[in-house]
Amino acid sequence: TLGFGMTTPATVAGKVFLIIYGLFGCAGTILFFNLFLERIISLLAFIMKACHERQLRRSGLLPPNFRRGPAMSGVGSLVGWKPSVYHVMLILGIFAITLSCCASAMYTAVEGWNYVDSLYYCFVTFSTIGFGDLVSSQNAAYQNQGLYRFGNFIFILMGVCCIYSLFNVISIVIKQVLNWVLKKFECRCCPKCHKSSARLGRRNAITPGARLRRHNISVDADGQYDSDTEGRRLSGEMISMRELTASNKVSLAILQKQLSETANGYPRNVCINTRQNGFSAGVGALAIMNNRLAETSDSR
């Protein structure tokens, strides 16, 4: 997907072959990038979780003999813990800059470019833009030509994988920033928007102490409620499961699903599923990032 353009097919058979080969080749390349992204994010998450666990031990929030077993009581629970997107973006950015600086030093010494042009070539190449104004390995002969071309291949491969991972992390950050901006610029002057957002926020929610039904409850002169179920809900009396699901307008299947997730621990199940299959929440780089990383919170 670089497409420098210094070598192109000239015959019809070569162009047809390029179309067929490129169809499967580009698909396989994207799959390779996604697998690299999954492995590098898993490695970073493992290292950052170990550092977080060591920090909790030093602060006294984690017992010294804790071995990632059941959930501990307290603030420093490691169950379902995921590294922050910002930390992963910072690490990938530092690695990409370091890789680009090392590759630029090699191109400056071998190709004879200045350092700024070498950095420019690294970004254009690693980001798969591929303008073609600067292309490496185009001279007839080099000193240590085999070693240089091997190093050029390694730098381009690692650089493209690293920048691809960095772009996906930045896309998640951009998505979170846009969501935060949209929340700030909501139609505050329109009461209909607030009502609809409040209804969507409480949809299919079954929590203790839930607020009363939206319509006003009519009370008789004797202080009786218009329905026996509503009266028992307000008085705190036990009601049946059928009346509970009917009053909250949710199905019994949703209630059972929420109870099962609460009993088994939803974050732990997610970690197990993602460990078995990195594409369990969808296919693509964003699905991998959402599984492996903790997105930014609403307060940010």
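The backbone N, Cα and C atoms fix where each Cβ goes, and this holds for glycine too.
In TrEMBL this protein carries:
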- 1-40: domain 'Potassium channel' (DOMAIN)
- 16-37: transmembrane segment (TRANSMEM)
- 85-106: transmembrane segment (TRANSMEM)
- 96-175: domain 'Potassium channel' (DOMAIN)
- 147-167: transmembrane segment (TRANSMEM)
The domain 'Potassium channel' (1-40) - residue tally per DSSP class, helix then strand then coil:
29 helix, 0 strand, 11 coil
Chain residues in Cβ proximity to the transmembrane segment (147-167) (below 8 Å; excluding those fewer than six residues from its ends, i.e. six or more beyond):
2, 33, 36-37, 40-41, 89, 92-93, 95-96, 99-100, 102-103, 106, 110, 122, 125-128, 136-137, 285
Can you tell me which parts of the same chain pack against the domain 'Potassium channel' (1-40), counting only residues 6+ beyond its ends and a CB-CB cutoff under 8 A?
92, 125, 128, 130-132, 135, 138, 156, 160-161, 164-165, 168, 278, 284-285, 288-289, 292
Treating G and I as helix alongside H, and B as strand alongside E, what does DSSP give for the domain 'Potassium channel' (96-175) in helix, strand and coil?
59 helix, 0 strand, 21 coil
Can you give the mean pLDDT for the domain 'Potassium channel' (1-40), rounded to a whole number?
93
